[in-house]
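According to Swiss-Prot, the feature active site, phosphoserine intermediate maps to SER65. Sequence annotations record features per position, and here Swiss-Prot assigns Mn(2+) 2 binding site to ASP15, SER65, ASP444, HIS445 based on sequence analysis. The annotation substrate binding site is assigned in Swiss-Prot to HIS126, ARG156, ASP157, ARG188, ARG194, ARG261, ALA262, ASP263, ARG264, LYS335. The Mn(2+) 1 binding site annotation in Swiss-Prot covers ASP403, HIS407, HIS462 and rests on sequence analysis.
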Amino acid sequence: MTVEIRRPVALVILDGWGINPVCEHNAVCQADTPRLRALLESWPHARIGASGRDVGLPDGQMGNSEVGHLNIGAGRTVYQDLTRISLSIEEDTFFENTELRKVMQQVVESQGKLHLMGLLSDGGVHSHMEHLYALVEMARRAGVEQVCIHAFMDGRDTPPQSGAGYLAQLEDKLQDIGLGRVATVIGRYWAMDRDNRWERVEKAYRAMTEGVGTSFESSAAAIADAYAQGQTDEFVEPRFVGGEKPCTVDDGDGMIFFNFRADRAREITRTFTSSDFSGFSREKTPRLAGYVCLTEYDASFGLPMAFPPETYPELLGEVVSRAGRKQLRIAETEKYAHVTFFFNGGSEEPFDGEDRVLIPSPKEVATYDLKPEMSAPAVTDAMLERVASGRYDLIVLNFANPDMVGHTGVESAAIAAMETVDACVGRVVDAVLNAGGSLLITADHGNCEQMADAKGAPHTAHTSNPVPVILVDPDRTGVKLRNGILADLAPTLLELMGIDKPAAMTGRSLLEPS
């Protein structure tokens, strides 16, 4: 039987919506979500692997938004930068990297300092400590005499007060290698902003360049003082280590940013490298011997990168475009890069026939537990307007709330976030069905389905749980969905659209005829 091709086909991504059989401290379970529950009861659904090897990460590694959207858009399991870089260390090719060797040689020649900055974490979302250790060892081999480490504290992808342990591990490792010192300790809230909150970035920048902030004799003392003041890792106010002689960024120094994820690396990189920077007034602009990004943060930067991006032919967006179909990407600021840049394989450029809608995320609150609805109602309004236009064949929509509010660790707020998203999903489903379309509702990784750890403390990180997928299509009521992985979503969408799957897509459609 020939199935009618419905349009639009909507991919609705509930960011951070995972499956957890335990209801306690589970915002998904605790929330009153009548529309999502009805969808799960009435329409075909299955489970999707969104972590570890299923998305090209190491075994057991939790998924994240960048990895999730990259896998979804590629229609294949994508070998992630974390795995790629770690493998190069194992194989010793890391220590022959051209750009890393070059900046270290420049520092030796200028008799400057080498600054290594990034997220001190083994969370594997933005960085990994093993990469930092390899850089210090490489600097030792290269003859670099001074290595200064600017340690950005995590607390989102790791427990909120795990930073003290990570700093202790780092200090032990530096002792073993015989090179390097911690120069600054800064919460990621300040150093890794991605929403143009330049007042935050300025505090981190001034700590690194001018030594502005409280001085401590050791990294252990710095983090202990932060905890004593009620600051968890993410929010540790910039402080420098070394007493009278802070290890600041000066003329002739070199810098390596060891984060491999792009979105939260752009602003601080722009602050150090842009000649026409306007985010704030820089009191000091060091003339650097070199600046190397571990991966490509933004193609427009034109900066050296140790691991250039890999290309992925025949992405979902490209295949839809070549078929002459129109597509839309829509999200609020916090997830806009994910439905555009990451979904398109790390490319900023839209495909022909691809439109984009950006709804600003709230700026009037410091953390989203204070506004758990975020901009979801406005995103929904914009979505419904575009559905009504009848222009689009494929719409990719992201609701940020379950992830961004989940990261705060405030369970009541995460429950409110899920209830907001439930109402918004209901409006979207009604509009798409009324327009003659169909939907796949899913997530990129888990988060808010676990809001406390085993000890009952707030859980602010992603999870390695599977995520749901629901097919809402009145013409396919007899279809069953099989369990799969994120890479299977693109082939499924193409089948719903009546477009042949390209050879480069190794994912398989989730549709199983009954």
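The first residue you see is number 1, and the count goes up from there.
Cβ coordinates come from backbone N, Cα and C, glycine included.
Note that this is a predicted model, so its numbers are computed, not measured.
Here ASP15 (Mn(2+) 2 binding site) is compared against the binding-site residues ASP157, ALA262, HIS462, and the shortest C-alpha distance is to HIS462.
Excluding ASP15, SER65, ASP444, HIS445, which define the Mn(2+) 2 site, the same chain contributes ILE13, GLY16, ALA50, GLY63, ASN64, GLY68, HIS69, LYS335, HIS338, ASP403, ALA443, ASN447, HIS462 within 8 Å (Cβ to the Cβ centroid), listed in sequence order.
Same-chain residues that are not part of ASP403, HIS407, HIS462 yet have a Cβ within 8 Å of the Cβ center of the Mn(2+) 1 site turn out to be ASP15, GLY16, ASN64, SER65, ARG156, ASP157, PRO402, MET404, GLY406, HIS445, ASN447, CYS448, THR460, ALA461. The C-beta environment of ASP157 (substrate binding site), restricted to residues of the same chain at least 6 apart in sequence and closer than 8 Å, consists of MET62, ASN64, SER121, GLY123, GLY124, VAL125, HIS126, ALA461, HIS462. Taking Cβ-Cβ distances under 8 Å and a sequence separation of 6 or more, the neighbours of ARG194 (substrate binding site) in its chain are ASP263, ARG264, ARG266, GLU267, GLU334, ALA337. Neighbour counts were taken as the number of other C-beta atoms within 10 angstroms of each residue's C-beta; across the binding-site residues ASP403, ASP444, the minimum falls on ASP403. Sequence-distant contacts (6 or more apart, same chain, Cβ under 8 Å) of the residue listed as 'active site, phosphoserine intermediate' comprise ASP15, LYS335, HIS338, PHE342, ASP403, ASP444, HIS445. Straight-line distance linking the Cα atoms of HIS407 (Mn(2+) 1 binding site) and ALA262 (substrate binding site), rounded to a whole number, equals 19 Å.
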